[in-house]
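Reviewing the structure listed below.
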Amino acid sequence: MSFNTFGHLFRVTTFGESHGVAIGCVVDGCPPLIPLTEADIQGDLDRRRPGQSRFTTQRQEADQVKILSGVMVHPETGVQVTTGTPIALLIENTDQRSKDYSDIQNKFRPGHADFTYEAKYGIRDYRGGGRSSARETASRVAAGAIARKVIAGMTVRGALVQIGPHKIDRDKWDWDEIGNNPFFCPDKDKAAFYADYLDGIRKSGSSIGAVVEIVAEGVPAGLGAPIYAKLDGDLAAALMSINAVKGVEIGDGFASAELTGEQNADEMRTGNHGPAFLSNHAGGILGGISTGQPVVARFAVKPTSSILTPRKTVDRTGHDTEILTKGRHDPCVGIRAVPVGEAMVACVLADHLLRHRGQVGG
């Protein structure tokens, strides 16, 4: 299997399977002399960690990260810093229950990657989905914690803005509420509604989709390049690579199709530090290059297909059958996708920052 690496100068390679011994990543291209400890990474991993509420999978993983290479204690300052060499990170799997999947080893789960992996490789890891499992995203979050160090001065934050058909009230958006509920929801009232709503979904054995919004502030103007190296193009690819993501938009996205030119164009006036934009329909990117405004992206997460309702499918021999998925699964995978989306945006920004410096300096 190829294509386990993304990025150009800030490159991330992830490895491992859901029910394997461990997962992890190698981050290549991180500049030297950046202070970095396991604690710097652990905080982000803890936000994504499963089993923290009844609204996520009950798989219990500590997700304790180990830095295997790429850092050392600076001989003069006594601070552990990056050396500029590849940074290898390891996260052990400790709560696999492969027996929960024995009944489906010869059946394709509808809506999962079972059939397509089998069609391409002639084999698939049925134990929790292998590489196609959301378990893989812990490695991305670990890499994203390093990327945040590279883009010091920029802030990348995410929020759950919709579950099923139910959207938050944007007039009630409060970033301080994100850590006060299990949904990463910025709307206090909607978070309470989501709790009741997801309880019903969970108890019925079903699942539901969601929309996540990522906002990056402090992004300088000039990141990205025209045509084939657009910042928004790389962001879209990075976010689309997350498990279960089926749609990505930048700025107003698909809603811009309903606007006139007068409504959509972000007008400008002279400000204290250069041009000041009067709106941000473009999501902080024009012509593939950042404008200096907040970079805004949203992605849609489909409902997981691992549900307790029997579904029609076929087996590996081509016979019709039914399947009932056992195991522990998220009723709404969009919840834990929030820190994953933040990590992917941070990695893309780190990559583009280094590419920008390499091309034009600064």
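Any Cβ shown, glycine's included, is placed from N, Cα and C.
Listed in Swiss-Prot:
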BINDING   Arg48, Arg54  NADP(+) binding site
BINDING   Arg131, Ser132, Ser133, Asn243, Ala244, Gly287, Lys302, Pro303, Thr304, Ser305, Ser306, Arg328  FMN binding site
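Structural mapping of features recorded in Swiss-Prot.
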{"residue": "Arg48", "record": "NADP(+) binding site", "Cβ neighbours (10 Å)": "25"}
{"residue": "Arg131", "record": "FMN binding site", "Cβ neighbours (10 Å)": "20"}
{"residue": "Ser133", "record": "FMN binding site", "Cβ neighbours (10 Å)": "19"}
{"residue": "Ala244", "record": "FMN binding site", "Cβ neighbours (10 Å)": "23"}
{"residue": "Lys302", "record": "FMN binding site", "Cβ neighbours (10 Å)": "17"}
{"residue": "Thr304", "record": "FMN binding site", "Cβ neighbours (10 Å)": "24"}
{"residue": "Ser306", "record": "FMN binding site", "Cβ neighbours (10 Å)": "22"}
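In the three-state DSSP assignment, the secondary structure recorded for Arg48 (NADP(+) binding site) is helix.
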